[in-house]
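J.: The structure under discussion is supplied below as structure tokens; questions concerning it will follow.
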Amino acid sequence: MANYFNTLNLRQQLDQLGRCRFMDRNEFATEADYLKGKKVVIVGCGAQGLNQGLNMRDSGLDVSYALRQAAIDEQRQSYKNAKENGFDVGSYEQLIPIADLVVNLTPDKQHSNVVETVMPLMKEGAALGYSHGFNIVEEGMQIRKDITVVMVAPKCPGTEVREEYKRGFGVPTLIAVHPENDPKGDGQEIAKAWAAATGGHRAGVLESSFVAEVKSDLMGEQTILCGMLQAGSIVCYEKMIADGIDAGYAGKLLQYGWETITEALKFGGITHMMDRLSNPAKVKAFELSEELKDLMRPLYNKHMDNIITGHFSSTMMADWANDDVNLLGWREETGETAFENYPVTDVEIPEQEYFDNGILMVAMVRAGVELAFEAMTASGIVEESAYYESLHELPLIANTVARKRLYEMNVVISDTAEYGNYLFANVATPLLREKFMTDVDTDVIGRGLGEVSNQVSNETLIVVNETLRSHPVELVGQELRGYMTDMKRIAVGD
């Protein structure tokens, strides 16, 4: 199979990368009706598989799960997930032939094998659904021409898909139809009904493309969403320990600080996050973030380039073929870092203290979001897609760090995201350690400025505020957040 994106000419590539339209709520007036009375069979019952299935069933759809016979015989976790929630479970041979829509929600590395197995069993004119387009775009999977291929991609982990639905809301979602597989012209109707069945239409749906979803998703998760949190946690912890800050306090400041800081992002963007700082701290965070952007821009652009060309995917798939030797080795190394093993403490850190003593963390967030957004849009990805794959998802990923440090983040994200995270963090960590952290002190990470006055020059503050507010990620973010007025706090235990 050849990389699908690389088979397109330049005009086609740019067209696919630039597909993104915020759909009007009126386009979902019939909600999930198009799929009612039809048989939906989900392959895979992990976090996305189970929670999307629960939502779809509650929306009136006929949902069952097709699992490998071995998973059924051995009653593996996927089987238990489905059966304990009252779903019908059967083998591929039992359920796939009667399915009108087969939804493949298995891990990326299993997609080729799964699709090659189920496709011969699918009835003529059925539809095949994905929630991530890697198999189509990067692996170039060829789907039978009578099959309609669609995507519904919620922009958050599966557990959040369910929780937001239960609140009567939903999560922002991308939908797409594969241009090579829409024989009856009803791909969009299928995708719209599926998205509505998960509740996504209540939070906002972007009509996108398989290409735009994959390229932007890979870029976001490798850099700001995961890689920057991992690299930042490691180097900031090292700095605080080296300068005599208590290990328990240092670890807690980072583990829970990312979540607290990025929650401000979710509600008011970078502007609101920076406004949580005192004026002197805001100016300092701005200066640090400008330095970070200059230092890290080449690394962000390199990752974007490798994603666009397919170099990243081919490298990762080679590791798949080698029994994940690199992935597993990097996972073990991460588990041995000092931050992952800091001693638990019962020290209480008030919310504002995470900002006051985490000025560098704020700077890293601002720099990382803007760099990822800029790299994506410079490559032809439209601003709405770039926003969702950078700023919007960051609080959700930071929440996983708050639960069980980097281990939890890497467990929750896909293997594809985890592999890309390590590629980025393995370069970003020594880069920050050697070229940046030597010039900062614990006044920006761990202790705070300790200023006695909030005074800064008017001219400086005006420049800082105007620069922050005029960045394209802030402008598009303000518009998109307007569609999500019913957001909840994501903090652990809240």
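Using N, Cα and C of the backbone, Cβ positions are placed for all residues, glycine too.
Model, not experiment: these values are computed from the prediction.
Straight from Swiss-Prot, here's the annotation block:
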- His132: active site (ACT_SITE)
- Cys45, Gly46, Ala47, Gln48, Arg68, Arg76, Ser78, Asp108, Lys109, Gln110, Gly158: NADP(+) binding site (BINDING)
- Asp217, Glu221: Mg(2+) 1 binding site (BINDING)
- Asp217, Glu389, Glu393: Mg(2+) 2 binding site (BINDING)
- Ser414: substrate binding site (BINDING)
- 14-208: domain 'KARI N-terminal Rossmann' (DOMAIN)
- 209-344: domain 'KARI C-terminal knotted 1' (DOMAIN)
- 345-487: domain 'KARI C-terminal knotted 2' (DOMAIN)
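Have a look at these and tell me how they're positioned relative to everything else.
T.: Long-range neighbours of His132 (active site) (same chain, six or more residues apart, CB within less than 8 Å of its CB): Asp108, Met151, Ala153, Glu213, Val214, Asp217, Ser414, Thr416. DSSP assigns His132 (active site) to coil in the three-state reduction, placing it in neither a helix nor a strand.
Cβ neighbour count for Ser78 (NADP(+) binding site): 21 (other Cβ atoms within 10 Å of its Cβ, all protein chains included).
Glu221 (Mg(2+) 1 binding site) falls within a helix when secondary structure is assigned with DSSP.
Residues within less than 8 Å, Cβ to Cβ, of Glu389 (Mg(2+) 2 binding site) and separated from it by at least 6 positions along the same chain comprise Lys155, Ser216, Asp217, Met219, Gly220, Glu221, Leu225, Ala372, Met376. Glu389 (Mg(2+) 2 binding site) falls within a helical segment according to DSSP.
In the three-state DSSP classification, Ser414 (substrate binding site) falls within coil.
For the domain 'KARI C-terminal knotted 1' (209-344), the model's average pLDDT works out to 97.
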J.: Could you tell me how many residues in the domain 'KARI C-terminal knotted 1' (209-344) are helical, how many are strand and how many are coil under DSSP?
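T.: Split into helix, strand and coil, the domain 'KARI C-terminal knotted 1' (209-344) gives 117 helix, 0 strand, 19 coil.
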J.: C-alpha of Ala47 (NADP(+) binding site) to C-alpha of Glu393 (Mg(2+) 2 binding site): distance in Å?
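T.: If we compare the Cα positions of Ala47 (NADP(+) binding site) and Glu393 (Mg(2+) 2 binding site), the gap is 17 Å.
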J.: For the Mg(2+) 2 site (Asp217, Glu389, Glu393), what does the 8 A shell look like? I mean other same-chain residues with CB within 8 A of the CB centroid.
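T.: The surrounding set, listed in chain order, is Lys155, Ser216, Met219, Gly220, Glu221, Leu225, Tyr388, Ser390, His392.
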J.: With every protein chain in view, what's the tally of Cβ atoms within 10 Å of the Cβ of Glu393 (Mg(2+) 2 binding site), excluding that atom itself?
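T.: Counting Cβ neighbours of Glu393 (Mg(2+) 2 binding site) within 10 Å gives 24.
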J.: A 10 Å Cβ contact count, applied to the binding-site residues Cys45, Ala47: which residue has the minimum?
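T.: Each of the binding-site residues Cys45, Ala47 was scored by Cβ atoms within 10 Å; lowest is Ala47.
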